[in-house]
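Enquirer: Pulled the feature table from TrEMBL, pasting it below:
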{"type": "BINDING", "residues": "Asn107, His112, Glu117", "note": "oxalate binding site"}
{"type": "BINDING", "residues": "His110, His112, Glu117, His158", "note": "Mn(2+) binding site"}
{"type": "DISULFID", "residues": "Cys31-Cys48", "note": "disulfide bond"}
{"type": "DOMAIN", "residues": "62-212", "note": "domain 'Cupin type-1'"}
{"type": "SIGNAL", "residues": "1-21", "note": "signal peptide"}
Amino acid sequence: MGANTFAYIVLLATAFSVASASDPSPLQDFCVAVNHTKDTVFVNGKFCKDPKLATPNDFFFSGLRLPGNTSNKLGSMVTPANVAQIPGLNTLGVSLARVDFAPYGLNPPHIHPRATEILTVLEGTLYVGFVTSNPENRLICKVLYKGDVFVFPQGLIHFQLNVGTTNAVAIASLGSQNPGVITIANAVFGSKPAISVDVLTKAFQVNKNVINYLQSQFWTDNHTY
């Protein structure tokens, strides 16, 4: 092998290793760096137990057997099955959630900052959709029936509404052990402390009375934790 050919192969291998390197995806909202390990024991994700100590219950969760309580203002309840409920999901990059709907119940507009979602309808009829990013902000929506599947891309606002007269059930598959959820109305109008009224009046182009009214409401959280 000539010197020039060998040098080319080394250069190519080096370039490939640099191009394929990347930081791991965040598994929580943020992870503040510290200079001394004694200051923290937090990691991106969760610590791992000794594999020899793993048990079947580390990979098991029975919480999706029963319907969630939909007797709230939204008429829906989300029961997650992520790393908080199933420790064995740590580092595996997947999770589930059961979504129960009363008639005309709503899973309100929200985002998952760390996961794409695939929704499968088990019972009922759902009107679902997501909104694309700026500047188009296009609504992509569809009515789903039993057995139908719909995808919500990571980070985009999406929703599901039961448009039937009976209860509905869906299973959401998510591409993260901890997908996170930000319900838009709760975050904007129910933050603690509250976002400045001046910010929200300009953002939504309404008067302060409207913002004061919205911030005074109790914003229902339809997730179990």
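A Cβ is built for glycine as well, from the same backbone N, Cα and C atoms used for every other residue.
Note that TrEMBL annotation is computational and uncurated.
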Enquirer: Report the residues of the chain - excluding Asn107, His112, Glu117 - with C-beta within 8 Å of the mean position of the site's C-beta atoms, for the recorded oxalate site, in sequence order.
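Expert: Filtered neighbour residues, in order: Ala97, His110, Ile111, Leu119, Phe152, His158, Gln160, Ala172, Leu174, Pro179, Val181.
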Enquirer: Could you round the CA separation between His110 (Mn(2+) binding site) and Cys48 (disulfide bond) to a whole angstrom and send it over?
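Expert: So the alpha carbons of His110 (Mn(2+) binding site) and Cys48 (disulfide bond) sit roughly 31 Å from each other.
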Enquirer: Determine which residues of this chain, when His110, His112, Glu117, His158 are set aside, have a Cβ within 8 Å of the centroid of the Mn(2+) site's Cβ atoms, and list them as they appear in the sequence.
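Expert: Apart from His110, His112, Glu117, His158, the close residues are Ile111, Ala115, Phe130, Phe152, Leu156, Ile157, Ala172, Pro179, Val181.
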Enquirer: What is the Cβ neighbour count of His110 (Mn(2+) binding site) at a 10 Å cut-off, with all protein chains included?
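Expert: So the number of other Cβ atoms within 10 Å of His110 (Mn(2+) binding site) is 21.
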Enquirer: Can you check which residues sit near His158 (Mn(2+) binding site), meaning Cβ under 8 Å from its Cβ, same chain, 6 or more apart in sequence, and list them in order?
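Expert: Pro109, His110, Ile111, Glu117, Val128, Gly129, Phe130, Val131, Phe152 - these are the non-local Cβ neighbours of His158 (Mn(2+) binding site), listed in sequence order.
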Enquirer: Taking every residue in the domain 'Cupin type-1' (62-212), what is their average pLDDT?
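Expert: Averaged over the domain 'Cupin type-1' (62-212), per-residue pLDDT gives 97.
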Enquirer: In Å, rounded, how far does the Cα of His112 (oxalate binding site) sit from the Cα of Cys48 (disulfide bond)?
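Expert: Cα to Cα, His112 (oxalate binding site) and Cys48 (disulfide bond) are separated by 25 Å.
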Enquirer: Do you know offhand how many angstrom separate Cys48 (disulfide bond) and Asn107 (oxalate binding site) by C-alpha?
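Expert: Pair distance, Cα basis, whole Å: 33 Å.
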Enquirer: Does Asn107 (oxalate binding site) have same-chain partners at least 6 apart in sequence with Cβ under 8 Å from its own Cβ, and which are they?
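Expert: Long-range Cβ contacts: Leu74, Ser76, Val78, Val99, Phe101, Phe159, Gln160, Leu161, Asn222.
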